[in-house]
Amino acid sequence: ELDKEGEKIRVARGGLGGSFSTDFLPSKGQKRIIHLDMKLISDVGIVGFPNAGKSSLLSKISHAKPQIAEYAFTTLKPELGKIVYSDYKQISVADLPGLIEGAHFNKGMGHKFLKHIERTKHLLFVVDVMGFQLSYKTPYRSAFETIQLLTMELQLYNKELLGKPALLAVNKMDLPNADQKFQQLVKQIENPAESLKLLPDDMIPDRPIEFKYILPVSAATGQGLDNLKSCIRKSIDEQADIELRELTQERLQSLQTESSQTVKRNLKKSLPRADH
């Protein structure tokens, strides 16, 4: 991985220059075919199935202008936007191509989506409060099932992704009976045992995502979007404080270890040597 300024890697060795013993003919260098894989870096990565309203949400909370349409896979490449706050702090949010079941096998957008998640600091799950169905040939999934399937796809691709701080935006709250559906979803998330029993084993992740905030929103009407932006900012700041405390603790421990070793060396030097 090359993710810091100035980092280098040797991918092929050059040949030796000509010399008297080779009649000044140089030797050939190595030949390599190199595949470079770019991973987008952002503060927040939006995770969700097609038509959950991810692009619409990004366009409302940031200055990004992603393509929006009523068919699946409108987003074919990552779209990056920035949320700008009143104190001029900026938080980058990436709208990533929609997942489908089997994405960890590179189905659909597959790894083109999942590789970018590795670089995001936070995850923002966006689900349709009414559930999800890709086509008439695929099964209908409730909002709760959608969350479990998204979690499974992340887990099967890279378990470490489940350790990232996560928020949940339940979209399309402007639809009829949305409030009732949302309350039901919250209950299922808070007490998942009963609902998980009804799911097949291949839909149940090893551990559920623990959402820091569960937020009802509507990209169509703007409902809850200011609160969403505030919670994203709060989550980012909280995580930064945690990382700062951990870094400070590590440095203190390192200094204490170095100090202890220095004292031991000085003490050893000051002790009288035994005559033999």
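Here, residue 1 is simply the first one shown, and the rest follow in order.
Positions of Cβ are set from backbone N, Cα and C atoms, glycine also.
Automatic, uncurated: that is what TrEMBL annotation is.
What TrEMBL lists as domain 'Obg' is 1-41. Same-chain neighbours of the domain 'Obg' (1-41): 78, 80, 92, 94, 96, 115-116, 118-120, counting only residues six or more beyond its ends whose CB sits under 8 Å from a CB of the stretch.
Feature annotation from TrEMBL assigns domain 'OBG-type G' to 42-237. Here the domain 'OBG-type G' (42-237) has a mean pLDDT of 84 out of 100.
Per TrEMBL, the feature compositional bias 'Polar residues' maps to 253-264.
TrEMBL lists 253-276 with the feature region 'Disordered'.
Per TrEMBL, the feature compositional bias 'Basic residues' maps to 265-276.
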